[in-house]
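A.B. asks: The structure is given below, and queries will be raised subsequently.
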Amino acid sequence: MGAFPGHDEVPSNSYHIPLAYNGRASSVVISGVPIIRPWGYIPTPDGPKFQPTQKMDFEVEMGIFIAKPLDIGEAVPASQARDHIFGMVLLNDWSARDIKFYEMVPLGPFNGKACGTSISPWIVTLDALEEAGAVIDVEAGKLPGGKWAKDSFLAYSRDVSVQVTTHISRMAAQKPSFPQQWRHSKSLFAQSKLKHLHWSPLQMVAHQSSAGCGLNSGDLLCTGTMSSTEQQASEDGVLAGTGRSGCLQEATKNAKHPLPLENGQKLIWIEDGDEVVMEA
């Protein structure tokens with residue numbers, strides 16, 4: 001967990017409920033479908049202008065597909081949420097940061113998060129994840145709430161752990177001085193772990209249902225950006241120098257610290273032609 005842009009502290013309510021918002025399904029696409037750079041209103045010295053985003057970002061997440069429906073007016077506690085989950089996918093929730101930050105107050109993200117959500121083509125069932133050792137007991141923690149919540153509706157002792165490795169691929173400028181192997185290189189960006197989220201996927205399903213909205217077969221819930229703290233990464237033996245942030249906004253400290261790519265270029269935001277490769 002980290003602070004929101006413009007805020008020094010993590011919002012206190014995030015320790016007690018999984019913060020979320022409702023999104024659109026129209027631009028959920030399978031991995032490999034190109035994402036078109038979105039347009040939106042962006043603040044400039046001369047006032048907001050309608051133009052292409054200059055701060056295209058990605059978010060390393062996982063998606064939860066619902067199988068068993070839940071009637072409107074009913075709610076399912078975290079301890080029973082597994083009965084409603086079919087399985088999980090890798091998920092990239094593309095974000096136009098400049099559009100998003102301008103529109104967020106007071107109602108939250110809208111067009112800045114609308115251009116696309118990419119998911120892996122195969123859904124891995126929870127049974128398969130359990131056989132692979134990915135369904136685990138909740139690890140001991142010191143933070144309030146979250147997986148350690150004592151509330152009877154959200155409390156549950158099981159979690160899901162999946163490691164996602166992310167690479168960035170960028171075509172280098174066609175210059176004679178660039179070796180051929182550098183002209184299209186794939187650079188390691190980060191390693192993220194699902195278990196490092198403050199809330200488990202099972203608790204997220206419970207919270208989604210808590211207001212009585214119901215669940216439909218095929219509903220897709222997103223975990224939010226998977227980032228690890230320095231301490232978590234150290235405890236899990238992440239290699240020194242390997243990133244642990246799940247998006248460029250965090251990794252570059254809002255573009256203040258560009259990241260080096262293997263072809264000699266600098267990574268700040270996603271450029272046209274870049275590829276984001278996520279593997280679990």
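Glycine is treated like the rest: Cβ placed from N, Cα and C.
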A.B. asks: Taking TrEMBL at its word that LYS113, THR117 bind Mg(2+), choose the one of ASP93, ASP98, ASP127, ASP137 listed for that site.
C.D. replies: ASP93
A.B. asks: Determine, to the nearest whole angstrom, how far the Cα atom of GLU61 (Ca(2+) binding site) is from the Cα atom of THR117 (Mg(2+) binding site).
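C.D. replies: Checking the Cα atoms of GLU61 (Ca(2+) binding site) and THR117 (Mg(2+) binding site) gives a distance of 10 Å.
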A.B. asks: According to DSSP, which kind of secondary structure is ASP93 (Ca(2+) binding site) found in, if we only use helix, strand and coil?
C.D. replies: strand
A.B. asks: Most Cβ neighbours within 10 Å: which of the binding-site residues THR117, THR225 is it?
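C.D. replies: Its Cβ has the most other Cβ atoms within 10 Å: THR117.
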A.B. asks: Out of the binding-site residues GLU59, ASP93, THR225, give me the one sitting nearest to THR117 (Mg(2+) binding site) by CA distance.
C.D. replies: ASP93
A.B. asks: Could you check which of the binding-site residues (GLU59, ASP93, THR225) sits closest to LYS113 (Mg(2+) binding site), going Cα to Cα?
C.D. replies: ASP93
A.B. asks: Near the Mg(2+) site, what residues other than ASP93, LYS113, THR117 in the same chain have a C-beta no further than 8 Å from the centroid of the listed C-beta atoms?
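C.D. replies: What remains near the Cβ centre is GLY23, GLU59, ASN92, TRP94, SER95, ALA114, GLY116, CYS222.
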